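Database features, via Swiss-Prot:
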| type | residues | note |
| --- | --- | --- |
| ACT_SITE | SER308 | active site, nucleophile |
| ACT_SITE | HIS442 | active site, proton donor/acceptor |
| BINDING | LYS312, GLN354, GLU362, TRP406 | substrate binding site |
| COMPBIAS | 59-125 | compositional bias 'Pro residues' |
| DISULFID | CYS129-CYS163 | disulfide bond |
| DISULFID | CYS307-CYS443 | disulfide bond |
| DISULFID | CYS339-CYS415 | disulfide bond |
| REGION | 57-151 | region 'Disordered' |
| MOTIF | 306-311 | motif 'GXSYXG catalytic site motif' |
| SIGNAL | 1-19 | signal peptide |
Amino acid sequence: MKSTVASALLVLAGTAVQAQSGPWQQCGGIGWQGPFTCVSGHTCQVLNDWYHQCVPGGGPSPPPTSPPPTTPPPTSPPPTSPPPTSPPPTSPPPTSPPPTSPPPTSPPPTSPPPTSPPPTSPPPSSGSCPSTPGGLGSGNQRLPDPFTFHNGNTVTSAADFQCRQREVSSLIQQYELGQFPAPPQSVTSSYSGNTLSITVSDQGRSISFSVSISGGSGSKSPAIIAYGAPSIPVPNGVATIRFNNDDIAAQQSGSSRGQGKFYNLYGSGHSAGAMTAWAWGVARIIDALEKTPAAGIDPTRVGVTGCSRNGKGAMVAGALEPRIALTIPQESGSGGSACWRISNWQGQQGQNVQTPAQIITENVWLGPVFNNHANNVNALPFDHHQLAGLIAPRALYVIENSDMEWLGWTATYGCMAAARTQWEALGALDNFGFSQVGGNQHCSFNSGKQSAELNAFINKFLLQSGGGTTSILRTERNHGSFNLAEWTPWNVPNLR
C-alpha cells in the first residue's frame with residue numbers, strides 16, 4: 001500500500017513539474033486554461049491579448065494575468081487547453097483517392113541560388129499600364145488567373161506583370177482591404193535607449209508611436225519587424241523590431257472598427273481595415289529607419305512576421321509595402337494565406353474552417369466594404385493567391401499548420417501552391433517557400449521540422465549569406481479529393 005501511495009505521489013510530482021509550457025508554446029492570453037509559466041530559460045511574452053508565448057531568454061517569468069474578456073471571445077482563438085505534443089488530424093483521414101498532383105515535399109531549386117541581393121519589386125509605374133474596367137466583371141468559381149488583366153488582356157512580360165500587380169492591389173483595396181493611404185506629408189523620428197520614436201503628420205493632424213529594437217550587430221543590421229512579438233526564433237545578427245500593431249488599429253472584436261492611432265490621423269470612418277492600417281504602420285517604421293541611421297538598421301534588409309491574426313497582418317504588409325525584403329506569415333489561415341474560394345469549398349465538405357462569411361463577424365481585420373462581398377466571393381476578381389503574388393518576386397516564406405482544421409489546411413496549401421506560379425513565371429522560385437507541418441500547438445514554431453527552412457530564408461534574404469534551400473512547397477497533409485489543377489486553369493508564362 002505504501003508503495004502504491006509513493007508511486008502516486010511521484011506521478012503527481014512529475015505532473016506538477018511538467019505544468020509549464022515548453023519553448024514556443026502558449027503560456028497565457030484571454031481564454032487560456034493551460035500553464036502560465038515557462039520552462040527554465042524561457043520567458044512568457046505577450047504577442048497580443050489572446051496569445052502569450054514562451055520565448056528563449058531569461059528565467060521563469062511570473063504568471064501573466066489573463067483578464068476576463070470584455071467582449072465575447074472570437075471563434076478562432078488559440079487552443080483553450082494544451083493539445084498533445086503530436087496531435088492527430090482533427091477530422092478523419094479522407095477516404096477519397098490521394099491528390100492527382102501531390103506536392104513535392106521539398107523540391108530542389110529550379111535555378112541556382114542568387115549571387116546578388118534579392119529583387120525588390122518596386123511599385124509598378126502607372127505610365128504604360130492599361131486602365132482597369134469598372135465593376136467586378138464576370139464571376140469565377142475557381143481561382144482567378146493572375147496572368148490575365150481585368151479587361152481580358154494577357155500578361156506577356158515582366159513589365160506587364162508589374163502592371164497586373166498594381167491592378168490587383170487596387171482591386172483588393174477597393175473590395176476587401178480598404179484604401180492604403182499615400183505617403184503622409186511628414187515623418188520624423190528619433191532613436192534613444194533602444195526605442196525608435198516616430199511622429200507622422202498629414203492634413204493638419206499628427207500621431208506618435210514607438211517601436212523597440214533589440215539584437216542585431218553593427219551599424220547596419222538586418223531586422224525583422226514582429227507584430228506584437230516574434231513567435232519565430234530570430235538568429236544572431238538580425239535585430240528584432242517589436243511593433244504594437246494594436247496601438248495603430250485595435251482588433252479586440254467587431255466593435256473595434258475605427259479605433260487606434262491610424263484612425264486618429266485619418267478619421268474613424270476611413271475605409272481601411274485593421275490589417276491595412278497595420279501595413280501603413282510598418283511603412284512608417286521603414287520611413288523612420290531610412291531617416292535614422294542611429295537605430296543601426298539597414299532599411300533595405302527588413303522582414304516582417306506575425307502569427308495567427310498577426311500573421312494575416314504580416315501577409316498584407318508584405319503585399320502592400322514593396323520595401324519589405326522578406327515576409328514570414330505564420331499560421332495566418334483565412335484572411336492571410338488561405339484563398340476564400342477554397343475555404344468555402346472546405347466548408348462545403350463538412351470541415352470546420354473559417355470562411356469569409358464568418359470572419360467578418362469576428363473582427364475588423366478587413367475593410368467594411370468586404371461585408372458586401374463575403375457571402376459571394378466567387379464574384380470577386382481576385383483571391384489571396386494574388387494577394388501573395390503582390391510580393392513576387394520578393395521573398396515569401398509561409399508557415400502553416402497541417403493539424404489545424406480551422407486555419408483551412410487545404411485552403412492554405414492550395415492557395416499558396418497557386419501563388420507560387422507567379423514566382424515561377426518570374427524565374428524566382430528560390431524566393432518562395434510554403435511549409436505546412438504538424439505536431440505543434442498553434443503559433444508554436446516547429447523547430448525540428450522548420451528551423452533549417454527559416455534559417456535559409458533569413459540567411460539568404462536578410463543576412464545575404466546564402467546557403468540552404470529556399471524553393472519549398474511542402475505539406476504533411478493528404479488533401480484528399482482536392483485537385484490543384486482544377487483550381488488553377490491557367491498556363492504559366494515565361495516572364496523572365
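Backbone N, Cα and C atoms are what each Cβ position is placed from, and that goes for glycine too.
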### Query
Which residue, of the disulfide-bonded residues CYS129, CYS163, CYS339, CYS415, CYS443, has its CB surrounded by the fewest other CB atoms within 10 A?
CYS129
### Task
Pop the Cα-Cα gap between CYS163 (disulfide bond) and GLN354 (substrate binding site) into the table, whole Å please.
32
#### Entry: Among SER308, GLN354 [recorded positions], residue with fewest other Cβ within 10 Å
GLN354
### Message
Let me check the 10 A CB neighbour count of LYS312 (substrate binding site). How many other CB atoms are there?
### Response
30
### Message
Through the lens of DSSP with three states only, how would you label CYS443 (disulfide bond)?
### Response
coil
### Task
Please work out the number of neighbouring Cβ atoms within 10 Å of the Cβ of GLU362 (substrate binding site), leaving out its own Cβ.
20
### When distances run from the Cα of HIS442 (active site, proton donor/acceptor) to each of the recorded positions CYS307, LYS312, CYS339, GLU362, TRP406, the nearest one
CYS307
### Query
When the motif 'GXSYXG catalytic site motif' (306-311) is classified with DSSP, how many of its residues are helical, how many are strand and how many are coil?
3 helix, 2 strand, 1 coil
#### Entry: Distance from CYS307 (disulfide bond) back to TRP406 (substrate binding site), taken between C-alpha atoms, in Å
14
## Note on the structure
Looking only at the recorded positions CYS163, SER308, LYS312, CYS415 (disulfide bond) has its closest CA neighbour at LYS312
### Task
Taking Cα atoms as reference points, rank the disulfide-bonded residues CYS129, CYS163, CYS443 by distance from the residue listed as 'active site, nucleophile' and give the first.
CYS443
### Summary
For CYS129 (disulfide bond) and CYS339 (disulfide bond), the CA-to-CA distance in whole Å is 26
### Task
Spatially speaking, which of the recorded positions CYS163, LYS312, CYS339 is closest to CYS443 (disulfide bond)? Use C-alpha to C-alpha, please.
LYS312
